[in-house]
C-alpha cells in the first residue's frame, strides 16, 4: 500500500477489532480506495461503511493534530464527536450516491483538547464497491484557516485605514493637522515638516535633515512615552494603519494632546519600508470629551439624587398607606360596635336574664318552669358561639376537621332545615350532579356555609322567590383556574342561586370584607360571607359571586376534588346514650379556668371516667411524667406558667408515645395547634361546646387508633 508513516500504522493496526475486519478480508474496492488515499499528497480521509470508519493519509494526519493516530480506525461520529451532526449528514448523502462541497466551511474542532475555530474547503464523493453501490465516502480536506484569518485582518486593517483617511480629511478641512512626518525604516531616517518640529520643540533644520526616534519622543509626557513606543513597535511589526493619542510638551512649556495618524508600508515579503503620517491637534476634541464626561457625571448625580427623592417619596407613600390601613381598621371596629356588639348584648341579656329567672324560680320553689329558662340560656349561648366561630373563620384561624365529604348527601341531609329557615314563601330546589366527586372539608363548616348562603338569599327576596342549590363537577384548565384564582385541576362546585334583587358591582367588590353589610344596624354583623370566604380559602378552594341588579345572585363555592370515598355523617348522640368508660380509664384535665375544669370533671365522672385536674402546663406535665395511668389528655391551649397546651402535649408524648390529646380552647390558636391541621390522635373542640358533643368526641378519641 505504501503511504509513509500513516501507511505503516494502517498495516500495523488490528482491523479485526473494527467493522472492516482483517486487511486480508477487505474487498478490492476498499483496498484500491485505501491505496489511493495513502499515496495522495493532499489531505484525504476515507470514511468506509455505515459507521464511516476512518482511514487517512500523512497529509490529513497534520490536520488531525493531537487526535492522530487515535482517529485511525475509529468511527467518524466518535472520532469527531463535536461535529457529529455535520458528519452524519455527510455519510447520509454520500452513501446515497450524492456529493457535497463546502468552501471555507467554519467548524469548531477540539484537535488539541480545547475548542478551536477552523475553516476548510471540503469535497465529499461516494466510493463504489464491486457491485457499483456506494460503500464509503472519500473526503478531501484542505484547511484554509490562515488565509481566512489573514483576509479578515486585511479587511479590518483596510477599514481602519479608511477610517483614518476620513479622519485626516476631516482634520484637513478643519485645519487640525499640525505636522507631518516620513520615516524611512530601512535607513532609519526620520524627517518632519516645520509644524511637526515646532510642536515637538525641535530645530526645523534637523527635521529636514533627519532625526532619531529618541529625539522625536523626548518631549512626550513621561506617562505616555512607554505606550507610544510600544504602539510604534507593534505597527512596524504587523504593518498597516496606525493611530495613537498622547501628550507632548510644546515650545510654551505646556503639554497638549495630539494624535499621530499614519501607515506602515511593507514589501511583498513583509519587510517594513516606509512609515508616513500626520499629527492632529486633539485639545479641542479632548475638551469636548471632558465636557461630555462632566455632563455625564452631573447626570449620574442627578439620577442618584432622583433615586433618593423617589425613595423618600415611596417611604412617605408607604406611611400614608399604613395610616389608611389603620383608619380602615378603626372603621371596621366601628362597624363591629354597631353590629356585632349589638348582637352580643342581646345574647348576653338572654343568658343572664334566663339565669336570674332560674335562680328566682328556684328560690320561690316554682320548679316546673326551669326547663324553659335553661333552654333559653343554652340557645343564646349556642348563638353566641356560632357568632364567635364566624369571626374565627373569617380570620382563617379556625382549626378545621376536614373529612372526605359527599356534598350531595350533606345538602340532602339539611334540606328540611333550610326549608324551615327560609319559610314557606320561598321555593327551594336542589339539583345534585350525578357522580359528584368527594371533597376534603369540615362538614359542619360546609353546612354552616350553605345555611348562611340560603339565609342571605332569603333576605334578598322579601316578597318571596326561588332558591336553587346546585352541585357540579368542574375541570378547570389554566385559563378558567386563573380567572378564579385557583390552581388548574378538578373541583366540585356548590352554588346557591336566588331570584332576588341582585347586587351592584360596588356591593360585590365589598361582599367579603369583614363587617360589611347592606342590612340596618342590629340586623346583621356582616360576617356571614366573610366566614364562608375564610373557610373555603382555608380548605383550598375559592368563592365567586355572579350577580346583576334585578336578575338575582349566584354564590359558587369551588372545592378541590378528593380522590377517595366520602365518609358518612353521624348525628351527635344524647349524653345519656354515650357509651360509659371502661374500668380504670383515666383522663387528665388541664385548664386555668376552675369553672371549666369543674364542668368537664363532672361530665367525665358521670360517664365513669377517673378525672385528674391540673391548673397549668407545668403541673399537667408532672402528671404525664408520672406512672399514673392516663388514657386521654384534655387541655386548654392558652395556659399560664410559660408552657402552652401544645407544648405540654408534645412533651407528654415524649414519655407517652401515642398519647391521645383533645384541645379545648376559646380561641383557635392555629400557630400553636399546627397551622389548622392536627396530628394523628389529636382533636380540637372550641369553647363553648355542647356537652353531648364533648362526651362523644372523648369516646371516639379514646376508642380510635
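Backbone N, Cα and C define each Cβ position, glycine as well.
Remember, TrEMBL labels are computer predictions, not curated facts.
Feature annotations, reproduced from TrEMBL:
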| type | residues | note |
| --- | --- | --- |
| DOMAIN | 103-156 | domain 'PAC' |
| COILED | 285-323 | coiled coil |
| DOMAIN | 339-563 | domain 'Histidine kinase' |
| DOMAIN | 586-702 | domain 'Response regulatory' |
| MOD_RES | 636 | 4-aspartylphosphate |
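Secondary structure by DSSP for the domain 'Response regulatory' (586-702): 48 helix, 25 strand, 44 coil. Taking a C-beta cut-off of under 8 Å and a sequence gap of six or more, the residue listed as '4-aspartylphosphate' has these contacts in its own chain: 590, 591, 592, 593, 596, 645, 663, 664, 665. Broken down by DSSP into helix, strand and coil, the domain 'PAC' (103-156) contains 12 helix, 30 strand, 12 coil.
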